[in-house]
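Q: Annotations per Swiss-Prot:
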type	residues	note
BINDING	GLY13, MET14, SER15, GLY16, ALA17, GLY18, LYS19, THR20	ATP binding site
BINDING	ASP63, MET64, ARG65, SER66	GTP binding site
Amino acid sequence: MVDKKLKVVIITGMSGAGKTVAVHSLEDLGYFVIDNMLPGLAERFVDVIEDSREFDKIAMVMDMRSRGFYDEVLPNFEKLKKRADLDVKLLFLDANDVTLISRYKETRRSHPLSPQGRILDGVELERKLSTDLKSQADIVIDTTNVTPRNLKLRLNKLFGHGEGNDFYVEVMSFGFKYGLPLDADIVMDVRFLPNPFYIPELKHLTGNDPAVQNYVMQSPLAKEFYQHLRSLLEIALPGYIKEGKSSLTIAIGCTGGQHRSVTIANKLSADLKEKGYKVNTYHRDIEKAK
């Protein structure tokens, strides 16, 4: 067996944000997955896996079900992160409070932190306790407006390519009317650009259609904005890589997430791919007007 780093993904996040989908997705990608791992046993488990030489990538779910979770998870994650023989990523799944409460009500489950009280109380306490953990995550995914199928596709893009060591960019379009994406590192508002929505022959098309792309990008304002955006990213992306960031989510927003944001996101994705970056394009709200 060729000596190489063992890939380790730690899956955590808000209760109800999609950890079960993440488990099944990584299993489908060939990861050996352990649910409800005690943080204090994680390094010992990793050593056993390395000694066995049976697996080259593993995932561990760590969440509040484990006693002492909030006190132990970050110190143990940092210990694993420092090891030269491991490629460790911390994945944090999130969603807004309304979505989490709705999911709990659909399943008729109580929240682990408020088994006898209001679901909202448990969600708010969990979010407060998770602040430091989320800030240390390598990858944060907001599942608020994401179907299980689309979450699986995003995880496949993140963990199914190459060796997983390269910097990875997700370019997302969205509509402000549906809420800001919680997982965005950079948010650009393009609502100031000419809006194809008011052109009858373009209204029912999207930024995936050449006619809409041409309409948006023929504007001098759009051309100038895009040049500045590219210049910004030419400085920012190498800086993020130098700081050790493994992935970056760039969110482009317009009113409904159909025309302008999709156009800019597509163009930016194509240009970043030409420069050699690994890019996934995700149009969060493009189906909502249908």
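For all residues, glycine too, the Cβ spot is worked out from N, Cα and C.
Could you place these features in context, so I can see how deep they sit and what lies close by?
A: Here the Cβ of SER15 (ATP binding site) has 22 other Cβ atoms within 10 Å, regardless of which shown protein chain they belong to.
All chains included, 22 other C-beta atoms sit within 10 angstroms of the C-beta of ASP63 (GTP binding site).
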Q: Taking the Cβ of ARG65 (GTP binding site) as centre, how many other Cβ atoms lie within 10 Å?
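A: Looking across every protein chain shown, the total is 13.
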Q: For the binding-site residues GLY13, GLY18, work out the Cβ neighbour count at 10 Å and name the residue with the minimum.
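A: GLY18, out of the binding-site residues GLY13, GLY18, has the fewest neighbouring Cβ atoms within 10 Å.
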Q: Please classify the secondary structure at GLY13 (ATP binding site) using three-state DSSP.
A: strand
Q: Near GLY16 (ATP binding site), which residues of its own chain have a C-beta under 8 A away, given they sit six or more steps off in sequence?
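A: Set apart from GLY16 (ATP binding site) by at least 6 residues yet with Cβ under 8 Å, we have ALA95, THR99, LEU100, ARG103, TYR104.
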Q: Ten-angstrom check, please: count other Cβ atoms within 10 Å of the Cβ of MET14 (ATP binding site), all chains counted.
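A: Other Cβ atoms within 10 Å of MET14 (ATP binding site): 23.
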